[in-house]
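Let me begin by presenting the structure, written as structure tokens, before commenting on it.
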Amino acid sequence: MLSHLNPPQREAAKYLDGPCLVLAGAGSGKTGVITHKIAYMVRECGMEARNIAAITFTNKAAREMEERVGKLLEGGLAKGLTVCTFHALGVRIVRQEAKFAGLKPQFSILDTSDIMQIVAEIAGTNDKSVVKGVQWAISAWKNAMITPSEAVKLADDETKALAASLYPAYEKTLRAYQAVDFDDLIALPVKLFDEHAEVLERWQNKLRYLLVDEYQDTNGAQYKLLRQLTGVRGAFTAVGDDDQAIYAWRGADVENLRSLQTDFPKLKVIKLEQNYRSSNRILNAANTLIANNTKLFEKKLWSDHGMGDAISIVAAPSAEQEAELVAMKISSHRFENRGSYGDYAILYRGNHQARLFEQQLRNHKIPYVISGGQSFFDRAEIKDVMSYLRLMLNGDDDLAFIRAITTPRRGIGAATLESLGTYAAQRGSSLFTALFEEGATEHVVARQLEGMREFGNFINKLEYRAQRESAAVVLEDLLRAIGYEAHLFETCEQREAESKWSNVRDFVDWLSRKGEADSKNLLELAQTVALISMLDKGEEGHEAVQLATLHASKGLEFPHVFLVGVEEGLLPHQSSIDGDTIEEERRLMYVGVTRARRTLTISYCERRKSGKEIRTVEPSRFIGEMGDGLKYTGGKKAEPVSQQDALAKLAKLQAMFGTKPAS
Ligand code: ATP
Ligand code: MG
């Protein structure tokens, strides 16, 4: 089973005597080590799959890993294995231990837009930048396990001071709604484990071995969770690459790599040096590029895939032309090579860049799927439907209550909701609960109350059915009962209504299929929808060009990669140029380059529209940092920073930081 692993990979797969860290560059088989190790532990060491948990960075990666392990472990041996993200594991823990967290198991998971709404309400402002700033600050504190009282001391600017003052109210509101935010999904289990030794013990016994992929992007709270679960035994394997740390902006901390060594003195560190993914030309460019960063760890990477094609650098006069050029290149390349569209990926820095490429791919009749885009689940029509599901799941979810009862309109006005709200606040209960209490009659006009109670009964009935009937049937009945299609056509223009309704249909089909596949009922599905990003919708197209942000492309590989919009201001992003965080952008570029197996095309525009004006833009400095294996088409040639120069610079930096220079 381990026969096609190379010696260090095999060593990592077989090492079970203590904590293990596989530290290696892109495409060296780190993720592969995890899958093989799981198979090895089950087949050769007699461990039970249900005692093993593998943690991936995205839901999509989890599914891929599950599939790969399934192939290695036939005959039901993989049954009970946990493969999921840290957040999904958190949901499981909080759901099972809900009473310790002061929640009911049907708590709601709020997404970013719900959270923004709550923050706006408690801050009493609709100023987007203030709301966002407050939300970011609170989120960062939660990720670092900083309590409201500690936050007050740490707040060193106006926004943070405001955030610290709102932090307690924010937490109180969430609890009142029986709701959690994403950060709670990690922070709550950590707190629970800290406070209840018996709960921790239960989970330590359940999950006896942990494997963590993309370890470099874990944050402080996730690291703490890992430490708690693996306890003194340190029964885990983490794999990662410090050069691919690209989530610092979300609280991830590469220092967690170094902490492993201090927190686990017996840590076994295994390095992998052979890259199995890319041609040498691509690998050299990636190595030369990343040598411009100061490094935490020394790593080497080589490949025996031969030199391969030169990396193509393409300049286009405008963004439209760039998109068209890429579409044409994909079309002709696929034709010449008799390949599949699924072999091609277009990667970009920001979601907003996708639109032009989508248009051109459509013009050229090229099938594509887009992942990591503006979440499907953020669309108003999907959130409308979701509000009903959330309310069925959790009657305390006031946000869901208000949205559902007012969409479509049922003649319940703001004034009515406000009187109900006042009464609910007096009682310290949710709107839904208050609705059915005796005293409600004194606060709300009888006819209005009757209408609302009717709505409440409707939700209760549906909830009863949702636990017994298939998700598909209940969903269809729900949509029919509330007349949602008609509502769309009454409130929107024809074309918009059609498109919205088709999204709702997609959503229903998708939930129905998911319900069947995972044998989950509608309420179980509804609880975790917030965790699912568009990454998961992108799976259904093996014959389609993949469009993804660089962040979403992590861990993936494609025969042919187009890195687009590689310009100063976009990659590196302007905010990173201003904020002096170029190294993170360089790692992002490194992630992009190392997704490619056979060919890599890098494109940029010479002029780009920005607001109303058209600006001249410069090709990214990163192009010049990739060494000399580049072939230019149009545009001006970047002044190459030679590998020697880059290495000399690196040695100097390492001397400064006291780390060993790479050879
Ligand atoms: P990344 O850093 O991008 O996440 P990774 O280190 O996780 O990369 P994998 O995705 O596990 O790398 O592997 C990269 C490619 O190399 C895959 O196509 C995998 O099948 C192949 N590969 C890994 N190990 C071997 C091996 N020993 N022999 C042949 N192919 C291998
Ligand atoms: Mg990987």
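Counting begins at 1 with the first residue displayed.
Note that Cβ sites are derived from N, Cα and C of the backbone, with glycine treated the same way.
Cross-referencing Arg233, Arg250, Arg258, Arg277 against the ATP binding annotation in TrEMBL, which names Ala24, Gly25, Ala26, Gly27, Ser28, Gly29, Lys30, Thr31, picks out Arg277. In the vicinity of ligand 2, defined as a Cβ distance under 6 Å, none of the binding-site residues Ala24, Ala26, Ser28 are placed. Residues near Ala24 (ATP binding site) in space but far in sequence (CB under 8 A, at least 6 apart, same chain), listed by position: Lys30, Val239, Asp241, Lys271, Leu272, Glu273, Lys299, Leu301. In the three-state DSSP reading, Arg277 (ATP binding site) counts as coil. Other Cβ atoms within 10 Å of the Cβ of Ala26 (ATP binding site), summed over all protein chains shown, number 25. Set side by side, the binding-site residues Lys30, Arg277 differ in how many other CB atoms lie within 10 angstroms of their CB, and the most is found at Lys30. Ser28 (ATP binding site): 28 other CB atoms within 10 A of its CB, across all protein chains. Ala24 (ATP binding site) carries a strand DSSP state (E or B). Within the model, the domain 'UvrD-like helicase ATP-binding' (3-279) shows a mean pLDDT value of 91, rounded to a whole number.
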